[in-house]
Amino acid sequence: MIDRQLLRKNPDAIRGALDEKGVTDVNLDQILTLDQEWRERKARGDELRHERNQISSKIGKLKAAGDEDAASEAIAQSQELKNELEEIEREADKLKSELDTAMLKIPQVPDDAVPVGTDESENVERRREGFDSLRSLPDTVIPHYDLGEELEILDFERGAKVTGGGFYFAKGDGARLEHALVQFMLDIHREQGYQDVFPPIPVNSQSMVGTGQFPKFTEDAYRIGETNDEPWDNDDLWLCPTAEVPVTNMYRDEILLDDDLPVKIQAYTPNFRREAGEHGTETRGIVRVHQFNKVELVNFVRPEDSAERFDGLLTEAEVVLQRLGLPYRILEMCTGDLGFTQRKKYDIEVWAPGDDMATGPDIGGRWLEVSSVSNFGAFQSRRAGLRYRPERHESASYLHTLNGSGVAVPRVMVAIMEYYQNDDGTITIPEPLQPYMNGLSVIEGHDPVGEAAVGAGKRE
């Protein structure tokens, strides 16, 4: 949530943010009017409360002095003020509820240093890593979705049968590779000073509001027990779309001490999102699916440390790809491609050579986003009540929150399957991962499991 003082003192800055982020469904003039009317009601309520307290304090003295008529008149005045105060408070509460709801729709204001642009085509590539010494690739790199089926390590048909489109089985060495990547990532970030957390997978609506998923992205979430178009309460449950939600809300409505900071937490979770590919290869394979594994890095820092920690977080996420020997690039998001909650963001995109895309590098292949490293400033903290106290006797201030994937597992699997593919259709396992797979160095596939039974038990 944006700073309400900023809204009042510099509404043009908010208008600029709405324009830069392409937000058209926020009526800022209406919000400013609501805020003004709420403050007027609140001020009037304070006046009435003060006036009533003064009159009430006289009643006892008047009775003690034997002036019953004056005491009765004062009691009547006090009751009138009480009635008026209750009406004013009802109006103020209604206005505040409308204002709070409207404020949740205003996006974060971009950092002044963010490049201005309208959409992803104007993002800025900052650097590329790992392209100076590429390994030799087959003349034709088989896309991961075909290779995964050939090697019997990915099964899309059965995933669709069991659950639906956008779900898959990782099998045999494919499952082992996925597990190995998770443990590999957790070990790396543990070295970097991260605390491990394994959070609840269902999260309530209030948590989704706290991190900014709601109310804007309700349609992308999986709701437990109800349909998405029904009204939701704060305690309704949803499947976790990212560990950012439960981890950030761990400290919701709490005050941390300065000595606690920075807090660095990592969490592995399965993540659930309704989004799906719209065309082409996005509907095939494991690039964009409804359930995927990810290690998330969440930081809670002092405002003055926010920029430096943002750079540090980017470096920490990059280490995963560096150790795996995967080529990648760093993109800085322009204003038009910043998310709703983000003040500044970098994307880490790994190179996957199996599918040639128009937006890919000149040597072919495609870019796959495996991490978004984001600085939210105090935006999430205001929504979730995340504060810290610089000194024990000082007033509490809002924290800054940052997060980044460290990293998304399926897309790294895609990059490994395509970049470490050999001429004979096998996959070399990057050396740092081999200890996590009991020394296995090459995925050669395995005999089909239960293929003779496919269709045999199908009901007519």
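Keep in mind that glycine also has a Cβ here, set from the backbone N, Cα and C atoms.
Keep in mind it's a predicted model, so treat the numbers as computed, not measured.
Annotated L-serine-binding residues in Swiss-Prot are T242, A243, E244, S405, and among E191, E296, E444 the one listed with them is E296. V289 is the residue from V289, V298 that Swiss-Prot records in the ATP site together with R273, R274, E275, E369, V370, S371, S372. Of the listed binding-site residues, namely A243, V289, V370, the sparsest Cβ surroundings within 10 Å are found at V289.
Spatial neighbours are here defined as Cα atoms within 10 angstroms of one another, and by that definition the neighbours of S405 (L-serine binding site) among the binding-site residues R273, R274, E275, V289, S372 are S372. Listed in sequence order, T242, A243, E244, V247, Q266, A267, Y268, T269, N403, G404, S405, G406 are the same-chain residues at least 6 apart in sequence whose CB falls under 8 Å from the CB of E296 (L-serine binding site). Ranking the binding-site residues T242, S371, S372, S405 by how many Cβ atoms sit within 10 Å of each one's Cβ puts S371 at the top. Taking the mean position of the Cβ atoms of T242, A243, E244, E296, S405 as the L-serine site, the remaining residues of that chain whose Cβ falls within 8 Å of it are V245, V247, A267, T269, N271, K294, V295, L297, V298, N403. Taking all protein chains in view, 19 other C-beta atoms sit within 10 angstroms of the C-beta of R273 (ATP binding site). Residues within less than 8 Å, Cβ to Cβ, of R274 (ATP binding site) and separated from it by at least 6 positions along the same chain comprise E219, D220, A221, Y222, H290.
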